[in-house]
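**Student:** One structure, pasted below without further comment.
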Amino acid sequence: MPNPLPLVFDAPRRAKPPRHFADLDATARAAAVAELGLPAFRAKQLATQYYGRLTADPQQMTDLPAAVREQVAEALFPDLLTAVREIETDAGETRKVLWRAVDGTTFESVLMRYSDRNTVCISSQAGCGMACPFCATGQGGLQRNLSTAEILEQVRAAAVELRDRDGEGIAPAARGGRLSNIVFMGMGEPLANYNRVIAAVRRIVAPPPDGFGISARSVTVSTVGLAPAIRKLADERLNVTLALSLHAPDDELRDTLVPVNNRWKVSEALDAARYYADVTGRRVSIEYALIRDVNDQPWRADLLGKRLHGALGPLVHVNVIPLNPTPGSEWDASPKPAEREFVRRVRERGVSCTVRDTRGREIAAACGQLAAEG
């Protein structure tokens, strides 16, 4: 067991990234355009370009006069992120990008193409302060929160990649298409960067020209169980999918595997999840990384099924995740027979349960592997 790291909820104070158009809601966009002395209709033009046409370079916004392009480029469209490394696997169907921000901070996103959907896994923080010992991100500590624009730029870049992608050596499923799903399951605890994440979600789900127009049902916000923030998220009425990273049904083990459990116990996290389900009518996803001889015992499967059925009834689904290897970890995934028995026992308690498809393990792009190295 690695030496436990402290929980960190408040990101270290660092200089803020430069203001970007994507940081601004409709009211702030109108104010920013007015500050530049431009007519009000330019705000909608810019939003249509960014959210509707996925254009972040004003020089490509040919419906704007050249002088206006120069003006907004300097004031509203600074270069925020640089892709410093891109790695692919699965014949191009899984692609990990290492991003570097203007202050040198690094973080990662992962684009995954499936036959029926295209999903981008995005980061909400550089690093993570939740200190889960089986997660490479958590063991790296928290550098800082990402800005709303830094979050949204990951989404826009993925949408552009899908729209423009083609070429030899690329599987047919990896060619072209439209971004359909967003999961806040990259680096960081989304609910610890609450205001910026919520602002990003609002822009993701709003129809163009105010946002990317992704269905709220296709957006998943993950959390290790910040119970008050889960309730707050429910009250936003955004109706996104909530994914609770549980990983153990009992406090004794979860106190170690998910250190935030020392603040909010399993019962408190499940009560908050039930509140979310009641308010939104949405089924809650439970994430459970299955670790050999740690949390895969039959009695824990029974307890998990019992507690989830009691707390959430039919409004729950368990995603069992075979543990992905991380550097220096002494743990590994449960054997397949143990995995199958675990799933069977959870289902026996009346709870929907499946094993999640693991993508990107070979390029350290799978759940728990993102470390922004290099």
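Note: Cβ is positioned from N, Cα and C throughout, glycine not excepted.
From Swiss-Prot, here are the annotated features:
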- Glu108: active site, proton acceptor (ACT_SITE)
- Cys367: active site, S-methylcysteine intermediate (ACT_SITE)
- Cys128, Cys132, Cys135: [4Fe-4S] cluster binding site (BINDING)
- Gly188, Glu189, Ser222, Ser245, Leu246, His247, Asn324: S-adenosyl-L-methionine binding site (BINDING)
- Cys121-Cys367: disulfide bond (DISULFID)
- 114-361: domain 'Radical SAM core' (DOMAIN)
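Show me how these features fit into the shown structure, please.
**Tutor:** Classification of Glu108 (active site, proton acceptor) by DSSP places it within a strand.
In sequence order, Cys132, Ser222, Thr223, Val224, Gly225, Val258, Glu287, Ala289 are the residues near Ser245 (S-adenosyl-L-methionine binding site), counting only same-chain partners six or more apart with C-beta under 8 A. In the three-state DSSP scheme, Ser245 (S-adenosyl-L-methionine binding site) falls into the strand class.
Cys121 (disulfide bond) falls within a strand when secondary structure is assigned with DSSP.
Across the residues of the domain 'Radical SAM core' (114-361), the predicted structure has a mean pLDDT of 93.
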**Student:** Looking at Cβ-Cβ distances, which residues of the chain lie under 8 angstroms from Cys128 ([4Fe-4S] cluster binding site) while being 6 or more apart from it?
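**Tutor:** Listed in sequence order: Cys135, Thr137, Gly138, Gly140, Gly141, Leu142, Met187, Gly188, Glu189.
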**Student:** Rounded to the nearest angstrom, how far is the Cα of Cys121 (disulfide bond) from the Cα of Asn324 (S-adenosyl-L-methionine binding site)?
**Tutor:** 16
**Student:** Given the recorded positions Glu108, Leu246, His247, which lie close to Cys121 (disulfide bond), meaning Cα to Cα within 10 A?
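**Tutor:** Hits: Glu108.
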**Student:** Do me a favour and check the Cα-Cα span between Leu246 (S-adenosyl-L-methionine binding site) and Glu108 (active site, proton acceptor); whole Å is fine.
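**Tutor:** Distance (Cα to Cα, whole Å): 23 Å.
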**Student:** What is the separation, in Å, between the Cα atoms of Glu108 (active site, proton acceptor) and His247 (S-adenosyl-L-methionine binding site)?
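**Tutor:** So the Cα of His247 (S-adenosyl-L-methionine binding site) lies 23 Å away from that of Glu108 (active site, proton acceptor).
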**Student:** In sequence order, which residues at least six apart in the same chain have a CB under 8 Å from the CB of His247 (S-adenosyl-L-methionine binding site)?
**Tutor:** Cys132, Arg254, Leu257, Val258, Glu287, Tyr288, Ala289, Asn295
